[in-house]
Amino acid sequence: MNRRPHRLFAALALSLSAAPLLAQQPATPEACVSIDHDADRLACYDAALGRGARDTRRADIAAKEARAIRENLQIAEQVAPAAVTPATDGGELYPHEDPLATAIANAGRGSLLDSRWELARDSKLGVFNFRAYKPVYLFPAFWSSRVNQTPHSPNPRNTVTEPLEVDALESKFQLSFKTKAAENLFGDNGDLWLAYTQSSRWQVYTPETSRPFRETNYEPEAMLVFRNNYGLGGWRGRLAGIGINHQSNGRADPLSRSWNRVIGMVGLDRENWALMLRPWWRISDGNDDDNPDIEDYVGRGDATLVYRRDGHEFALMARHSLRGGDRSHGAVQFDWGFPIRSNLRGHLQIFDGYGESLIDYNHRATYIGLGISLLEWY
């Protein structure tokens, strides 16, 4: 089988993903002026000015004080309505806006979650910009402790009867991006994001079988995301959302696997930490289900904790079926992105459990991948 189109697509997609990321570190803020693309120009200014946790704390304090002032004004207005004049002088740029509302809407500006989801009012870049979503990486080496030669499912139509030729060493790559289709759907909050993620496992070291792509998972989704600002045990709640997600491998029976989910999202962060919690509910596929028990293996929710320090990023993902007995299954994944040069990073990934890919949703193994990444979570 001719795999040239697949290789060409992968190379092209990786090149496009890398294009806005390979710019040099700006020496001064003035170097950012000539950048036409809004998202790239903002990222340039952030890098040049060193926006960080201190700026986020200032924004949070300003939002807290503005909320307190607004509450006091509301109380005073109830006591003596004629004596209170609302603060609406927003200056020349926003002459009709309430500066208190602006401060409240800018809570969390510059935080990790804000950097990816444009949550604060002044962080919004408009619609249909090409934005990062999940990590983008290439692993020339991706090793499995236990290959799955007979993928199976409770549906007999989706069970392989003759063992497949699968090598334990292959390569893996992932592409992922998102774009905002609409913003501020509910006043100054509520953004609609469209996203796409594709991950492939390529048996590149098996010339005797024409180096086939063993498994590719396609994952389009739509998410409605809202800005939050609340405290929880030293963390700040920044984000809440809900989305609809489709994931499939595009294969014919007996290798076909797919499912559809409604996914909730709760995001919190603190300085160099970010935590995303995602419970989900599966949409039933009825009697034609390729994988009717997938929730008991891939799980009913996941949690991803990310920590950044000195150019390194560490991420830990855990998920579970939330059931006991013989329905208790899950997985953990550790990722480490470390600097090599400029925006190019090395990337180590270790996965243990069920569902590293859809075809292996009910197959347990340990996987180790090593390569490079162009984008991490944050």
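In case you wondered, yes, glycine gets a Cβ from its N, Cα and C as well.
Curation does not apply to TrEMBL; its annotations are automatic.
Worth saying up front: this structure is predicted, and the values here are computed from it rather than measured.
As recorded in TrEMBL, the features of this protein are as follows:
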ACT_SITE  HIS246  active site, proton acceptor
ACT_SITE  SER248  active site, nucleophile
BINDING   SER210, ARG251, SER256, ASP290  Ca(2+) binding site
SIGNAL    1-23  signal peptide
Original post:
Given the recorded positions HIS246, ARG251, and counting only Cβ atoms in the protein chains shown, which has the most within 10 Å of its Cβ?
Top reply: ARG251
Subject >> Number of Cβ atoms other than its own within 10 Å, given for SER256 (Ca(2+) binding site) >> reply: 19
Original post:
Counting only residues 6+ apart in the same chain, whose Cβ is under 8 Å from the Cβ of SER248 (active site, nucleophile)?
Top reply: ASN217, TYR218, SER256, ARG257, SER258, TRP259, LEU358
Subject >> For ASP290 (Ca(2+) binding site): intrachain residues, at least 6 apart, with Cβ closer than 8 Å >> reply: SER153, ASN155, ASN158, ASP253, SER256, ARG257, SER258, TRP259
Subject >> Cα distance (Å, whole number) from SER210 (Ca(2+) binding site) to HIS246 (active site, proton acceptor) >> reply: 30
